[in-house]
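Q: Let me begin by handing over the structure; questions about it come next.
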Amino acid sequence: RENFIHLCNPHLEKMKEDILYHFALGTGTHDFPALFGDVKFVCVGGSPSRMKAFIAYIAEELGLGSPGCDYPNICADTDRYSMYKVGPVLSVSHGMGIPSISIMLHELIKLLYHAKCSNITIIRIGTSGGIGLEPGSVVITRQSVDATFKPQLELVVLGKTVIRSTNLDEQLAKELMQCSKEIGQFNTVIGNTMCTLDFYEGQGRLDGAICLYDEEEKLQYLKKAYDSGVRNIEMESSVFAAICNLSGVKAAVVCVTLLNRLEGDQISSSHDVLVEYQERPQKLVGHFIKKRLGK
């Protein structure tokens with residue numbers, strides 16, 4: 001059965017041309033089905049360099065590229081986002097925070113729709129702060145929750161508050177968990193992910209330029225988050241889940257934890273250790289894609 005992208009916008013059908021401004025792509029200047037019609041897997045992450053590294057990694061894993069091969073940035077005419085493609089895999093950067101990933105996702109979903117893609121799986125791979133987990137643990141998100149631990153995204157649209165669901169595909173999460181067991185190289189859990197609007201106060205850190213609470217209050221909050229099922233904190237998962245849900249796309253969030261927030265606020269691991277940690281979501285998702293493709 002073919003599952004196509006669902007667009008929740010009747011106005012797009014009336015447009016002669018759709019310009020994806022932040023990608024520097026448009027239906028009047030680019031042949032979307034020819035460029036992207038074979039895409040089945042989309043991986044998104046904050047850093048442009050990390051998403052370029054991921055496409056090189058997946059190309060080698062799938063036997064579609066040679067070591068040292070360069071992959072051109074499809075969005076080279078803009079400095080907002082970067083995009084790379086090899087075979088059925090698209091790798092896209094989304095920047096940091098809900099506003100940045102939201103803009104990217106609106107245009108990504110339209111790109112996949114115009115390309116007539118079907119049976120798409122979108123996975124966010126990234127980094128996060130862990131709660132009650134050893135650094136280097138990987139969290140597969142069950143549902144994204146806000147800073148009050150509710151599984152929802154709250155938006156203001158035309159001056160009115162809109163609430164959207166932030167659940168993620170349960171079967172996909174289980175499939176990714178099984179892949180991690182097969183790899184057997186690092187600790188992986190399924191848990192809730194708290195999505196915040198800020199890196200410092202919003203996540204209860206004590207080391208920002210502004211902090212009007214004490215360490216005891218911080219720890220009480222993080223322990224309350226842990227008791228509610230939260231295992232990590234980041235800044236993109238809620239809008240990611242909400243947009244994918246409305247578009248009928250199966251989606252997952254796979255983030256490695258760089259520290260245990262119950263033990264501190266600053267990331268103190270060495271550069272080499274952090275690089276190895278950041279490769280863990282790539283390895284997990286790479287194994288998943290290979291398995292799905294029967295390789």
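Cβ coordinates are placed from backbone N, Cα and C, and glycine is handled just like the others.
Features from TrEMBL:
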- 40-290: domain 'Nucleoside phosphorylase' (DOMAIN)
- R80, R124, I125, G126, T127: phosphate binding site (BINDING)
- Q203, R205: substrate binding site (BINDING)
Q: Let me know how many other Cβ atoms fall within 10 Å of the Cβ of Q203 (substrate binding site).
A: 23
Q: With every protein chain in view, how many other Cβ atoms are within 10 Å of the Cβ of R80 (phosphate binding site)?
A: 17
Q: Please give the greatest C-alpha separation between any two of the phosphate-binding residues R80, R124, I125, G126, T127, in angstrom, as a whole number.
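A: Per the listed residues, the maximum Cα distance equals 20 Å.
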Q: What residue among the binding-site residues I125, G126, T127, R205 has the most other CB atoms lying within 10 A of its CB?
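A: The most densely surrounded of these binding-site residues is I125.
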Q: Between Q203 (substrate binding site) and I125 (phosphate binding site), what is the CA-CA distance rounded to a whole number of Å?
A: 20
Q: Do you know the mean pLDDT across the domain 'Nucleoside phosphorylase' (40-290)?
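A: It averages 97.
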